[in-house]
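Report on one structure; see the data block that follows.
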Amino acid sequence: MVWSTNIKHEGLKSWIDEVAKLTTPKDIRLCDGSDTEYDELCTLMESTGTMIRLNPEFHPNCFLVRSSADDVARVEQFTFICTSTEAEAGPTNNWRDPQEMRRELHQLFRGCMQGRTLYIVPFCMGPLDSPFSIVGVELTDSPYVVCSMKIMTRMGDDVLRSLGTSGKFLKCLHSVGKPLSPGEADVSWPCNPKSMRIVHFQDDSSVMSFGSGYGGNALLGKKCVALRLASYMAKSQGWLAEHMLIIGITNPEGKKKYFSASFPSACGKTNLAMLMPKLPGWKIECIGDDIAWIRPGRDGRLYAVNPEYGFFGVAPGTSERTNPNALATCRSNSIFTNVALTADGDVWWEGLTEQPPEPLTDWLGKPWKPGGSPAAHPNSRFTAPLRQCPSLDPEWNSPQGVPLDAIIFGGRRSETIPLVYEALSWEHGVTIGAGMSSTTTAAIVGQLGKLRHDPFAMLPFCGYNMAYYFQHWLSFAENRSLKLPKIFGVNWFRKNNQGEFLWPGFSENLRVLEWIFQRTDGLEDIAERTPIGYLPNIQKFNLNGLNLDLQTVQELFSVDAEGWLAEVENIGEYLKIFGSDCPQQITDELLRIKSELKEK
């Protein structure tokens, strides 16, 4: 076979042979990552009805893809962590015995690529020449995955060359799980919802994914490698793999700092990563909007890289008002999945414009009528190259990463949590991360206003016992040679009694970043100590031009003692799921906050 002559790595070659014997594809193709290959595969998908080319006047070299209605999101119930013991996976993960799961998957994968091409996709998470980076090889029968991996990762010949004859790589096997009999016509989005499995084996750092063609389940470099496998590796190797954005922020005097920030989904991570400042002289630049790998540098500071090469952004709600940089980023060379299509070949989703254009074809390919179900799926996406972001930071591809001055944790909370507060210590900061939660919306979970705990925004992505993960974070404070960043909590989503947001949000969030910037510079008089952390001194916080009334300001920046006592109680109750594995330092911090609040 031609593919094998181009692979010098015997271990890789024998694995591909083994997979081919199991899955029985009709062809095998080694992907080189070239633009020519990308164009060829897009043309192939146009011919099968998988892709629709958009009007090049609006979106040059862009495509719309419609998935099956039952393959539209990550599937937590079919996502498994396989470790030698169940305790190692912890109470927040679905655990399966590795040997049992391998036998089960072996049966599922047997003959699953019949009638399809097996694509060999060498990819690198992180800059190729970086000590941070991890190389993987994904074997997949989905051309959609190949094209998406070209956008989302460094992929192709350069990665294969870097492996040489014996370099380490992670084995990532994926199939849509729909073999084709001779003469059987394919469907535009093959998948196998009844047999979906997204499985992570921590004993050999491998992933096997079956039955889904959707993003996080099928682009195995993203959540599977960059978070679930990487977080497990990071624990033993002394670093962190986090669900975080990374931004550079420059003040009017030209001083620059880097922040990372962790938010659960639907809390504005991409909007903050691409924020366009309204305050004169300030600049925000984006390194990444979703994943950060963080390692101690030689100088003792923590350095972060974005292991990804593209954005996989949620489309609904993205507009010229909320995120003009995101719209500019996905204007060309992008793939849109499950958005609506206009009559003149453009894309549309809820929130893009105030009024929907008519006529519209919805994400299922049917004529759309106003007042019915959404035209674009709520989890519809754009996949766009990182380098197209207008506010891309010059250090976006730095092999060493960028030094962090602040780590920010946030959630969607309508009450109690102030606009911004600073942890009193690293241990307190870890407690803020462990206690993160968001108020769900009816669209997400049926019950409006229910609190959903999501520690460090890593609940779906931590590849091992979360209590051990908390302990790993705490261990950084034990290393006296480290110069750790300050930790902050933020909440853009406080509401008044009428249910209206107290804070304007979006570009005005720069005012919060300005205060954080000043605190990392050591300005003491702009903050006041409280039981829950350092809160802004209202007189020293930049509210100029916002026209907020005094009551609103007080609600945004005050400590609601009663609310916080309930909050501490709620966090403590949640952490009971970890039993005696929950670190004592976190319990001690919660007790400290409780006793100080009662003394007030």
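Glycine is treated like the rest: Cβ placed from N, Cα and C.
Record features, source Swiss-Prot:
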type     : residues                                                                                       : note
BINDING  : Arg74, Tyr214, Gly215, Gly216, Ser265, Asn379, Ser380, Arg381                                  : substrate binding site
BINDING  : Lys223, His243, Asp290                                                                         : Mn(2+) binding site
BINDING  : Ala266, Cys267, Gly268, Lys269, Thr270, Asn271, Arg381, Arg412, Phe506, Ser507, Glu508, Asn509 : GTP binding site
ACT_SITE : Cys267                                                                                         : active site
Arg74 (substrate binding site) to Lys223 (Mn(2+) binding site) - Cα separation in whole Å: 10
Out of Gly215, Lys223, Asn379, Arg381, point to the one nearest Ala266 (GTP binding site) in space (Cα versus Cα); all of them are binding-site residues in the record. Asn379
Taking every protein chain in this structure into account, which of the binding-site residues Asp290, Glu508 has the most other Cβ atoms within 10 Å of its Cβ? Asp290
Quick note, Asp290 (Mn(2+) binding site) and the residue listed as 'active site': C-alpha atoms separated, nearest Å, by 12
With the Mn(2+) site defined by Lys223, His243, Asp290, which remaining residues of that chain have Cβ atoms positioned within 8 Å of the Cβ centroid? Lys222, Ala226, Leu227, Ile291, Phe461
Just to verify a number: CA distance, Gly268 (GTP binding site) to Asn379 (substrate binding site), in angstrom, no decimals. 14
Using CB atoms and a 10 A radius, I'd like the single residue among the binding-site residues Arg74, His243 with the highest neighbour count. His243
Do you know offhand how many angstrom separate Glu508 (GTP binding site) and Ser380 (substrate binding site) by C-alpha? 26
Students should find that the Cβ of Gly215 (substrate binding site) has, within 10 Å, a number of other Cβ atoms equal to 22
Sort Arg381 (substrate binding site) into helix, strand or coil using the DSSP assignment. strand
Counting Cβ atoms within 10 Å of each candidate's own Cβ, which of the binding-site residues Ser265, Thr270, Asn379 comes out highest? Thr270
For the substrate site given as Arg74, Tyr214, Gly215, Gly216, Ser265, Asn379, Ser380, Arg381, which other residues of the same chain have their Cβ within 8 Å of the site's Cβ centre? Val72, Ala73, Phe312, Val314, Thr337
Proximal residue to Cys267 (active site) among binding-site residues Tyr214, Lys223, Asn379 (C-alpha distance): Asn379
